[in-house]
4 protein chains.
Amino acid sequence: MTGYMTDTNLGNIEEVLIVANYQKPEAKPLSHSIQIFLEEKGVKSEVFGFSGKADLVCERNYDLAITLGGDGTVLFASRILAPLNIPILPINLGNFGFITEVSKDDWQNDLERVLKGEVNLGSRMMLSFNLKNDASKRGGEELCGRAMNDVVISGSGISKLVNLMVHLDESEHIEYKADGIIFSTSTGSTAYSAAAGGPILHPEMNAIILNPICPFTLSHRPLVLPSESELRVEIAEDQRTELTLTVDGQLSYPLKSGDELFIRKASSAARILYSGSRSFYEVLRAKLSWTGGPE
Amino acid sequence: MTGYMTDTNLGNIEEVLIVANYQKPEAKPLSHSIQIFLEEKGVKSEVFGFSGKADLVCERNYDLAITLGGDGTVLFASRILAPLNIPILPINLGNFGFITEVSKDDWQNDLERVLKGEVNLGSRMMLSFNLKNDASKRGGEELCGRAMNDVVISGSGISKLVNLMVHLDESEHIEYKADGIIFSTSTGSTAYSAAAGGPILHPEMNAIILNPICPFTLSHRPLVLPSESELRVEIAEDQRTELTLTVDGQLSYPLKSGDELFIRKASSAARILYSGSRSFYEVLRAKLSWTGGPE
Amino acid sequence: MTGYMTDTNLGNIEEVLIVANYQKPEAKPLSHSIQIFLEEKGVKSEVFGFSGKADLVCERNYDLAITLGGDGTVLFASRILAPLNIPILPINLGNFGFITEVSKDDWQNDLERVLKGEVNLGSRMMLSFNLKNDASKRGGEELCGRAMNDVVISGSGISKLVNLMVHLDESEHIEYKADGIIFSTSTGSTAYSAAAGGPILHPEMNAIILNPICPFTLSHRPLVLPSESELRVEIAEDQRTELTLTVDGQLSYPLKSGDELFIRKASSAARILYSGSRSFYEVLRAKLSWTGGPE
Amino acid sequence: MTGYMTDTNLGNIEEVLIVANYQKPEAKPLSHSIQIFLEEKGVKSEVFGFSGKADLVCERNYDLAITLGGDGTVLFASRILAPLNIPILPINLGNFGFITEVSKDDWQNDLERVLKGEVNLGSRMMLSFNLKNDASKRGGEELCGRAMNDVVISGSGISKLVNLMVHLDESEHIEYKADGIIFSTSTGSTAYSAAAGGPILHPEMNAIILNPICPFTLSHRPLVLPSESELRVEIAEDQRTELTLTVDGQLSYPLKSGDELFIRKASSAARILYSGSRSFYEVLRAKLSWTGGPE
């Protein structure tokens, strides 16, 4: 999208990874067409196709990844490829999404331009998290990971109400009684956080949204914190519910009373290619019905 | 509370049931004191004490029930006693609640007045629900029950998003993509529905609130429907999450794709005694911090 | 719309009033066509055409009124015709509205059915208000009127913050610091009150919504009160802003510190004819974009 | 407050300006006491006292300003002193505010520390605006100014609904139908923008909040934009209401159809001294009732 390019030095593209969501019927034939197209240009390519849950282990350092799917496929790919600094060209199979603007009908044009280094490259901040729990305190491995959209702590079962204490830079803290808390990036601000009443952040904003879900205290509002904030969440003892940690709505892990979750800006941002055909406001208008209104 | 008495013919009180939440330390000694007090007045009494989950089966037709606990104890007692038309005097152990206004220090005065038939008797609409599922369609027993505050359908697990279709009087329907839906009474409007952004309804209002939790469509708003509305919720097929039916935040049952939940006004209302010491607005001010604001 | 008919005894139609918003170009020719149509059926008719502000003084007791315009024309007509118990058939020139569902292309069919007494007749509660101010206290005439959608008190000028005390049934009161307060009917719940975060009420609901505009106290929520509530608003002394009373967004009157505004259910409801072609939920879906959402 | 100091080089303090809100009775005697205190330390001082509207023209380049009043006095002083880079020590007469944390009882300690250069100095982004209208286009002077909290465009009169088009960096635009729009800084996020449903931004955040007031389109949400954003608001032709531009809730100017308002980050930030006695979260808890909740 126009307005938030941050770097454009894409480098020479010699090897491409295609990440294809095989649950979409067009994904397989399209990945084949793209491979042929790339081969003709003398560019090597590999396809990673998946259905449902997938474990993409990226061994080679590709110069570019192309995702075939929706926003969810980009979320999945970004968590793995961003740390390797691999730029992503998202091609959308279906309606265009908040992130995926290149349509499956225009991909040739856009890919051609990418190979020439002409397309815009935006940088989207990601979150990193790590969990200190009983196991990790006894020397076990610490759970850690990245999120493109959001990291969510929520309760389930009969009482969903959870008690959480969020520490900010170890100098302040705030208590929440809520169904859960969403920690969201700007990219994630149009996803679950929006449904929970959160503000929309421009993709260029480097910030962390702290958005309680159905907070018990009616005066609570979503908080927007600097991207440098170091957050620590204490899962209070004696919860009457089971807690879950959810990443980008795609991965989930159980949490326990006494666990501590650390959340901060990830060291590397996702590098997303876009054609510039749709602006930020246009996406909001189209996806969130921001035109018109009752009349 | 003043303003919403609806009937005051309490009748002669000869037998009293005391429902005591034994998780509160004062509950046991207080129920003992009340029994002595009643005995002196020639009134018989029985105590039902419980800790955590409880199955109160009410065999005798008491003239009055006294609850010792918080709002939760009144919710529990109302679901069982309302169908038997037994009025409830809620005595609060702790801070006063939205429903429980009689304090544990004033109970003698208020109980004295109740025995003389002087205290106000308010009527609070309840919801009834019944579930048609595979088992009931094959001739099994149908799950059914009542709610004083709310009936909630919600998802859990990695994706909490549920797809529900709500039919209104079998002539209209509306689709929801959300974390869940709250069906709330006026009494429940200050509870979970408020946390989910719902309006506050005066306890006298006979109405059903239909409030989606974190709806995907940002233009959604809570709906307030006439109390006579007959609602049917279809749990859409192919949910990617487990669904739960929760009643008053106290009881829960699993739901499955294809289940149908029917919700309507319960045939009998809860009859709650109150001293009139606190008005509706005073409760809102005290419990929801409606005074002051930032200055 | 289906579901909320309340009476259908329309009586014999011998004389019709056509209320036409001449700002819409089709209004004049259409009112002419309707007159001819009615004449052929032996029904007398008169046209009241207006542009912008209008003073319709209704001297004859018509058996039916037909409005040509949008929802605004129905609001205008209802305030004058509801007290005379004259039913209204709203024909919509433009997109269909929340109230006006009969399209300008289908009017013949619908009018034919109305003359036969076949169309549904819904009843929509209205508000009445009267203002006690310096002038009225000194014996002057009291300002009073009716509203179909809403009665709004709001501040203007540099500081819009107003201090208001709302008394409920003279037994309770609540203070507001806000940009203003909306008192809305169920019909008005989809209008200004919705923009101010209010719930949507089914048109059949008899209720008064009390919805503060941008309240200073962040825990405030819209209140839904029984239709029998008698509300008195005290305009506090020493306001730092000018106050305005606005009725249905169409009429406005200045308010002063010390004024008292009384609001209650109007004695007569508006009687609106509808074809039943669109349900309540369908209107919400179409007008408020309640389908779809981001995907 | 801890956590958002940005510079601490206060320099030598030889001349102090005291800005005193004389509407607060303690302001006059306190400014006298401070002058004596400063004189004893060999520091020159001058008092600018005001009641209601004031025109502070700052001719000398003071090394420090002390405000005596509430948050409003700091807003007033910042607009004038920030461009001159004069740091402000806000002393609060009354309850502590969002910005003013130094109490009138502790001032000696804090001022002593300021003179020693020991107190923290926070930097708070401000907005600048300038208005292109008929007069300025014909060569007249352009209205321009700064805001510490917010710049608000709003309608008044019978219909408050305004039509505005906001351009972002001249490459995108979005249309609003609303009662108005708030452009707020992080500092202003706890003021009017919060009342209009906006998020709370950490004072360290450099960002511009674009928050529509009662937007007609129910899916609208507040937007948070990068501080570098260049915003241009077009006041659409044919408004049915009078429009007002309000700055920090303290200054107001009329707007007309066809006017263009430019809003961007001000070149100089306000430099606010604080003792560090209260953290950001503590202020939210205390001022917005973020503890407790209903129970």
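Keep in mind that glycine also has a Cβ here, set from the backbone N, Cα and C atoms.
Quick caveat, the model's predicted, so the values are computed rather than measured.
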Suppose a student reads TrEMBL and sees C:D71, C:G72, C:N149, C:D150, C:K177, C:D179, C:Q250 listed for NAD(+). Which of C:K160, C:K256 should they find annotated at that same site? C:K160
Out of C:N149, C:Q250, which of the binding-site residues has the smallest number of neighbouring Cβ atoms within 10 Å? C:Q250
Chain B neighbours, filtered from recorded positions C:D71, C:N149, C:D150, C:K160, C:D179, Cβ-Cβ distance under 8 Å: none
Packing count at C:G72 (NAD(+) binding site) (other Cβ atoms within 10 Å of its Cβ): 18
Tell me the Cα distance separating C:D71 (active site, proton acceptor) from C:K177 (NAD(+) binding site), rounded to the nearest angstrom. 31
For C:K160 (NAD(+) binding site), just count the other CB atoms lying within 10 A of its CB, please. 28
The most crowded of the recorded positions C:D71, C:D150, judged by neighbouring Cβ atoms within 10 Å of its own Cβ, is C:D150
What's the CA to CA span in angstrom from C:N149 (NAD(+) binding site) over to C:D71 (active site, proton acceptor)? 10
Name the residues of the same chain, 6+ apart in sequence, whose Cβ is under 8 Å from the Cβ of C:D179 (NAD(+) binding site)? C:S154, C:G155, C:K160, C:L161, C:V162, C:I213, C:C214
Students should find that the Cα atoms of C:D71 (active site, proton acceptor) and C:Q250 (NAD(+) binding site) sit apart, in Å rounded to an integer, by 12
